[in-house]
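For reference, TrEMBL has these:
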type	residues	note
REGION	43-67	region 'Disordered'
COMPBIAS	43-55	compositional bias 'Low complexity'
ACT_SITE	Ser159	active site, nucleophile
ACT_SITE	Asp188	active site, charge relay system
ACT_SITE	His264	active site, charge relay system
Amino acid sequence: MTAMSSSASSSSIAISGTNVFEIGTYKVVLQIIEAAERSACSSKTKSSSSSSTSPPTNPPPPKPLLIGMPCEAAGEFPVLLLLHGYLLSNSFYSQLISHIASHGFIVIAPQLYTIAGPDTTDEIKSTAAITNWLSNGLQPLLPPNVQANLSKLGLAGHSRGGKVSFALALGKEEIGTSLKFSALIGIDPVDGMDKGKQTPPPVLTYAPHSFDLDMAVMVIGSGLGEVKKNPLFPPCAPKGVNHEDFFNECRKPACYFVAKDYGHLDMLDDETKGIRGKATYCLCKNGQSREPMRRFVGGVVVAFIKAYLEGDSSHLLAIREGVETLPIELQSVKFPL
């Protein structure tokens with residue numbers, strides 16, 4: 001785990017590279033993986049001949065994937081696993097995935113389910129299976145010049161996906177992985193409907209600093225997530241099971257941001273299609289525009305994983321010290337490093 005210095009002053013921070021809240025310098029390709037196939041960046045394609053008897057050289061993933069990756073530049077890149085929210089499509093995060101990948105990361109967003117009940121155990125198992133698949137299954141899907149560095153692996157999740165991310169990292173249901181995560185991110189995580197109405201398996205214990213995690217943690221919250229859109233629907237991130245409660249149980253090193261005037265789904269794509277896509281505009285209290293919140297989430301995720309996967313803490317320190325200009329106003333910031 002890379003430690004961040006807590007004594008840096010704003011005058012001494014030298015920010016490396018591009019602004020994390022803007023699109024990075026890497027050209028990105030998004031690839032949908034239903035079964036193992038070669039990258040869209042490669043000139044070679046999987047043979048469709050029915051007469052071929054050769055077994056596939058790489059196993060298919062346990063779940064369909066959307067992968068965002070640097071395409072033209074050669075190099076070795078850290079990997080971030082990103083889990084979608086409740087009943088959402090992984091494609092709704094395409095712009096967020098592209099933002100993160102453009103700064104030199106491989107982002108893998110599985111489609112964990114299309115229909116799900118309250119119990120998240122299957123999602124935890126599926127995420128573990130995908131993580132275990134990465135060692136043999138990921139590299140053949142990447143361009144020949146792009147190498148996945150699985151020793152620098154992060155786990156992130158939005159909403160219910162945030163709960164699943166924490167559950168897997170905490171070893172809930174005694175589900176483990178063959179690879180080690182070095183950074184954990186909860187993007188407006190939600191543990192159920194209300195305190196006492198957590199979905200199984202419950203993650204929150206309501207004991208301060210109770211999360212026993214051998215990794216750095218970041219929690220991002222939305223100021224409007226606990227506000228009802230209308231009297232007919234509950235808030236999308238209810239108080240008592242939301243970002244505040246998750247952060248209260250984190251230990252150092254951890255950081256916490258709450259976006260003022262933005263809602264639970266405001267980091268999604270500008271346009272989300274289909275019935276579920278249209279529902280994202282109706283069920284949750286939203287801000288005026290998704291673009292600023294998405295830029296913020298993308299940028300702060302990049303800053304965090306640069307710090308704890310790559311050892312470059314300059315952007316995260318700049319955000320903490322107010323040196324880096326943010327695209328939104330923050331309601332709360334905490335850095336118990």
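Positions of Cβ are set from backbone N, Cα and C atoms, glycine also.
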For Ser159 (active site, nucleophile), the same-chain residues 6+ apart in sequence with C-beta under 8 angstroms from its C-beta are His84, Gly85, Tyr86, Leu88, Ile187, Asp188, Pro189, Val190, Cys236, Ala237, His264
Cβ density check for Asp188 (active site, charge relay system), other Cβ within 10 Å (all protein chains) comes to 30
His264 (active site, charge relay system), Cβ-centred 10 Å count of other Cβ atoms over all protein chains shown, is 30
